[in-house]
Amino acid sequence: MSSSSYEAASIKEIFCSVQGEGPYVGVRQAFVRFSGCNLNCNYCDTNFENLGTCDYEIIEGNGIFEKIPNPINVEKLESLLQPFKKLHSVSLTGGEPLLHADFIEKLKLPVPLYLESNMTLPEQARKLRENITYVAGDFKLPEALREIRPETRDMHVENTIKCFSLLKKNKLRDCFCKIVVGRDTRPETVVLAAEAIASDVSCIILQPETPVGSAVRTPRFTQASVQTILKLQKTLLELADTRIIPQTHRMWGCL
């Protein structure tokens with residue numbers, strides 16, 4: 001791997017684990033967690049603030065990290081990923097990796113790139129249409145963005161639909177949609193979202209909301225019932241392949 005670039009990015013973590021969400025659950029990946037996000041979702045379980053250093057897993061899977069100074073340039077990241085072997089792909093996550101599209105565009109790796117995105121930055125997504133093999137795109141429902149003004153929520157929904165259209169499935173790229181379903185999720189909102197992107201994706205994942213913070217002790221206050229999610233799946237199956245898959249890495253206790 002070689003690349004020359006003056007681009008650099010603030011990265012929070014680099015480590016090896018397995019994909020814990022969606023249709024590729026269980027595949028071995030290197031994870032590059034970028035700092036920074038343009039949203040503030042109610043159920044977010046990730047600290048994505050910019051830090052002066054990046055936590056880098058010294059030996060894949062051993063959970064022992066060393067501090068690497070930020071920002072990290074493209075060539076350095078390629079070098080840091082070299083020791084991780086037998087990978088299905090490299091997951092670009094965050095935060096929001098599309099904030100770093102110019103950086104990602106210059107990456108040259110021997111394995112495919114797997115983008116985990118909130119799908120609200122279409123101009124950034126446009127830059128990566130030829131670079132990404134797997135798109136794990138979220139559809140952030142308006143009720144998940146309660147702290148954002150209503151007009152801004154509408155803009156995010158429009159931008160999400162644009163992103164799915166730009167990064168839609170084709171012969172060289174898989175694209176699927178993940179929708180987090182919680183107690184306050186309105187089924188009619190999920191159906192509208194699914195209708196808007198069904199033709200662009202290989203499947204829709206309904207992900208039961210994972211309790212975070214104090215909600216861990218009282219999950220019934222944040223989680224939708226099994227019956228509710230099953231009923232929603234039945235409706236969406238009229239539009240696209242729809243699966244119910246919780247966050248498996250939380251069950252296993254891995255990163």
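In case you wondered, yes, glycine gets a Cβ from its N, Cα and C as well.
Quick look at what Swiss-Prot lists:
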type	residues	note
BINDING	VAL18, GLN19, GLY20, ARG33, THR93	substrate binding site
BINDING	CYS37, CYS41, CYS44	[4Fe-4S] cluster binding site
BINDING	THR46	Mg(2+) binding site
BINDING	GLY95	S-adenosyl-L-methionine binding site
DOMAIN	24-255	domain 'Radical SAM core'
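The shortest Cα-Cα distance from CYS37 ([4Fe-4S] cluster binding site) to any of the binding-site residues (GLN19, THR93, GLY95) is found for GLY95. In the three-state DSSP classification, THR93 (substrate binding site) falls within a strand. For the binding-site residues listed here (GLY20, GLY95), the lowest count of other CB atoms within 10 A around the CB belongs to GLY20.
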